[in-house]
Amino acid sequence: MVTASAPGKVYLFGEHAVVYGEPAVPCAVERRATVAVEERADGRLRVDARDLEIEGFTVEYGAATDELGVEVPTELLEAATEYVDGAVEQARDACDVSDVGFDVTVESEIPLGAGLGSSAAVVVATIAATAAELGVELDPREVATRAYQVESDVQDGQASRADTFCSAMGGAVRVEGEDCRTLDAPDLPFVIGFDGGSGNTGELVAGVRDLRERYDFAADTVTAIGDIVRRGEAVLTEDDPSLDELGRLMDFDHGLLEALGVSSRSLDEMVWTAREAGAYGAKLTGAGGGGCIVALDDSPATETALSYSQSCEVAFRAELARDGVIVP
Ligand SMILES: Nc1ncnc2c1ncn2[C@@H]1O[C@H](COP(=O)(O)OP(=O)(O)OP(=O)(O)O)[C@@H](O)[C@H]1O
Ligand SMILES: C[C@@](O)(CCO)CC(=O)[O-]
């Protein structure tokens, strides 16, 4: 049996705009998905996804959906099945085998669909663990490329390479179309607020696409997010980056994401709670619609204020994850 792990991420800048070729800067954070993979003799795939708990059930699914012992929303199950199946298929392809089966166990510290890149981390860790179980150590860049393929297939082609590259490589990265690079960035004082909810990435991306096609000013908003990212990247890679300036740019980015319709009342409330507590800046992270915000604050004030806020279920500090995918 082989176990691999991969980190989640926050977007310092650039989600959504990255889908249209603008740059984005996500940063990996120390919340990981861990996937254990063991080869089976019978060629079947059995997945134990312990975090897909619905009303106390843990989901287990085999090659056929009718093997399911519990009632779960098919949409949720189908998405999870597609991510893990897709990842295993990519590993089989990388290792040039077609008929090997596996037991796959997924455990994750990353809340699902909440903007912290849970799907990318699960896919990256599954590809690396499955390949390693087959005796092949894949280069993290190859894992990233293959993981992007899976995300893109599941999300009907509406995915950027940002989440998967960041999870595979770790640290801060810059992604613009197919151009994916790691950045030399210092640790930043990230504080995350989670409202307990989630957003539907596919629907949110489709909503921005519609707005962008309908209104020139929405297309300009997407371009303006790209301008913020270019500026933010330059600040981030200075010797001693100004947290004031990074925070100001995060605030601006959040305002534009709000204008594009991907924020929510609870995300806005958490952003304002962070700002009023003295954070350098705050914004939603990931697809939006619900889930997480990320703020910059080197004092305890933002975490404390968020933990008392009605709209925040849990607040925590997050370290930059220097390591991407790890196969011990
Ligand atoms: N621990 C897990 N076990 C099984 N499947 C998971 C797990 N975590 C995530 N997934 C799959 O990923 C889906 C969420 O992916 P999605 O891309 O919508 O959100 P995200 O990656 O958490 O957030 P964002 O893309 O906004 O950063 C879940 O519905 C599920 O199918
Ligand atoms: C909304 C989005 O930009 C980030 C989701 O984490 C979608 C993507 O990049 O694939």
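Even glycines carry a Cβ here, placed using N, Cα and C.
In TrEMBL this protein carries:
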DOMAIN    3-37  domain 'Galactokinase N-terminal'
DOMAIN    83-171  domain 'GHMP kinase N-terminal'
BINDING   P111, L112, G113, A114, G115, L116, G117, S118, S119, A120, A121  ATP binding site
ACT_SITE  D163  active site, proton acceptor
DOMAIN    242-301  domain 'GHMP kinase C-terminal'
Calculate the distance in Å between the alpha carbons (Cα) of A121 (ATP binding site) and D163 (active site, proton acceptor), and round it to a whole number.
8
Counting across all protein chains shown, how many other Cβ atoms sit within 10 Å of the Cβ of D163 (active site, proton acceptor)?
33
In terms of DSSP three-state secondary structure, what is the assignment for the residue listed as 'active site, proton acceptor'?
helix
Compile a sequence-ordered list of residues in the same chain as G113 (ATP binding site), six or more apart from it, whose Cβ lies below 8 A from its Cβ; state 'none' when nothing qualifies.
S119, S198, G199, N200, T201, A287, G291
I'm trying to understand the geometry here, so how far is the Cα atom of P111 (ATP binding site) from the Cα atom of D163 (active site, proton acceptor), in Å to the nearest whole number?
15
Using Cα coordinates, what distance in whole Å links D163 (active site, proton acceptor) and G117 (ATP binding site)?
6
With an 8 Å cut-off on Cβ distance to the P111, L112, G113, A114, G115, L116, G117, S118, S119, A120, A121 Cβ center, who else from the chain surrounds the ATP site?
G8, I110, G286, G291
Tell me, how many other CB atoms lie within 10 A of the CB of P111 (ATP binding site), whichever protein chain they belong to?
22
Counting every protein chain present, what is the number of Cβ atoms, excluding its own, within 10 Å of the Cβ of S119 (ATP binding site)?
27
Cβ packing number for A121 (ATP binding site), 10 Å threshold:
34
Listed recorded positions are P111, S119, D163; which sit with C-beta under 6 angstroms of ligand 2?
D163
